[in-house]
Amino acid sequence: MKIGVLALQGAVQEHARIVEAVGAEAILVKRVEQLAELDGLILPGGESTAMRRLIDRYDFLEPLKAFGEAGKPIFGTCAGMILLAKRINNQETSHLGLMDVTVERNAFGRQVDSFETELEIKGVAEDFPAVFIRAPYIIEAGSGVEVLSEDTGRIVAARDGHYLATAFHPELTADTRLMGYFVEMVKDAAVKT
Amino acid sequence: MAKTGTDLVKRGMAEMQKGGVIMDVVNAEQAKIAEEAGAVAVMALERVPSDIRAAGGVARMADPTITEEVLNAVSIPVMAKARIGHIVEARVLEAMGVDYIDESEVLTPADEEYHLNKSEFTVPFVCGSRDLGEAARRIGEGASMLRTKGEPGTGNIVEAVRHMRKVQSQVRKLISMDLDEVMTFAKDLGAPYDVLLQIREAGKLPVVNFAAGGVATPADAALMMQLGADGVFVGSGIFKSDNPAKFAKAIVEATTHYQDYKLIAELSKGLGAPMKGIDIASLSPENRMQERGW
């Protein structure tokens, strides 16, 4: 099972470490050609605007969309969730536009409002440590989207078929349960395709 | 229950900046150019270091009008500098909603003996360090991110290289050291013992360490990444160059693809004259900003 981490900017090594911890192989993806060998892909936390500039400069946008449209699972955390979303509040355009949700950027406020908490995540854990950093959240989810977790009424984890997104950073803690859940998604998708 | 201002939240913010470039800006227009070029954050200043150096006198926290203007102009994080030990400048920046504070030797120190007790703040701090002793003292005080000091505003990478290599080699030495030797090593470095123990156990610094001070070309940025920097601060280099937008993009790309030498060659073409630069040996000790900090 090969799982790529888009390595243009952000918390790349942290994701790779957890991928390896759950027994899959982590590939740091810097070039479009590397997508071909992957079973699943992680869009890490970082700065979504910076990542988008680099995605554009290396013509990653269409290959990433095609990767998702081919049924390969993608997991986006924080900035990665923004990249996955079909709609971004107060912005006319989205990025990959794959997941049927509307997200709000920096929705909890600035860095002084960043926080950590424990979340119940459906099918994953009742006490998952979640670190929110200048985080977005989902303000509207399409009818086919399964809401996996909410924090004080705000959607912070969701799944839309083979797309998984969290507003927080599972890569910043040692808890591997969410990655385990994603690896199961990747295994299921590999059986189907 | 939700907790703000924890180590995880403050250090995690810096983790998200990894592999990226943080650019010094002095107004909203420059901040937008930086964001458009792919900067992961901007540092809002009244003057870039080379102008501070030229102007002389006391350099203080920027006029809040400038910081506010930059905060409103971009959606990426905004950092700002407070003087070493200036509790009130730091609290003012925190109250304004700045995302990260640089307790910076580029400004004239307000306290020549003590740094800020950064653990008490909700906002995270970045501090400069030249060796592991300084790095560990800053971590002990609660810094959530480190950077080399380099020699700011000179366009000369030599000091940043020295500081990055020094910290890396001392960390390697610490990791391979017998536990019996750590206390004396701590004494020699002037480093808090418990911080050294944490580093030894984890096998690395507990916070990210960026390059800063003297980055003047895309190749400089790539060099620092290759030496183990987690990312790069660029101060005077960008907006003192002939074509800031192009220069900023080139630095961002060279930082991402720091081992792609053909690409760096392409990026380095036709950027115009970089800043002239200063030989460090020609600076008298009192003009070396890196000597500030204790």
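If you go along the chain as it appears here, the first residue is 1 and each next one adds 1.
Positions of Cβ are set from backbone N, Cα and C atoms, glycine also.
Annotated D-ribose 5-phosphate-binding residues in TrEMBL are B:ASP24, B:GLY214, B:GLY235, B:SER236, and among B:GLY97, B:GLY140, B:GLY142, B:GLY153 the one listed with them is B:GLY153. By neighbour count, meaning other C-beta atoms within 10 Å, the densest spot among the recorded positions B:LYS81, B:ARG165 is B:LYS81. Across the domain 'PdxS/SNZ N-terminal' (B:8-212), the prediction's mean pLDDT works out to 96.
Of all residue pairs in B:ASP24, B:GLY153, B:GLY214, B:GLY235, B:SER236, the annotated binders of D-ribose 5-phosphate, the farthest apart have Cα atoms separated by 12 Å.
In the three-state DSSP reading, B:ARG165 (D-glyceraldehyde 3-phosphate binding site) counts as helix. Within 10 Å of the C-beta of B:GLY235 (D-ribose 5-phosphate binding site) we count 28 further C-beta atoms, all protein chains included.
Taking each of the binding-site residues B:GLY153, B:GLY214 in turn and counting other Cβ atoms within 10 Å of its Cβ gives the largest count for B:GLY214. All protein chains considered, the CB of B:SER236 (D-ribose 5-phosphate binding site) has 26 other CB atoms within 10 Å.
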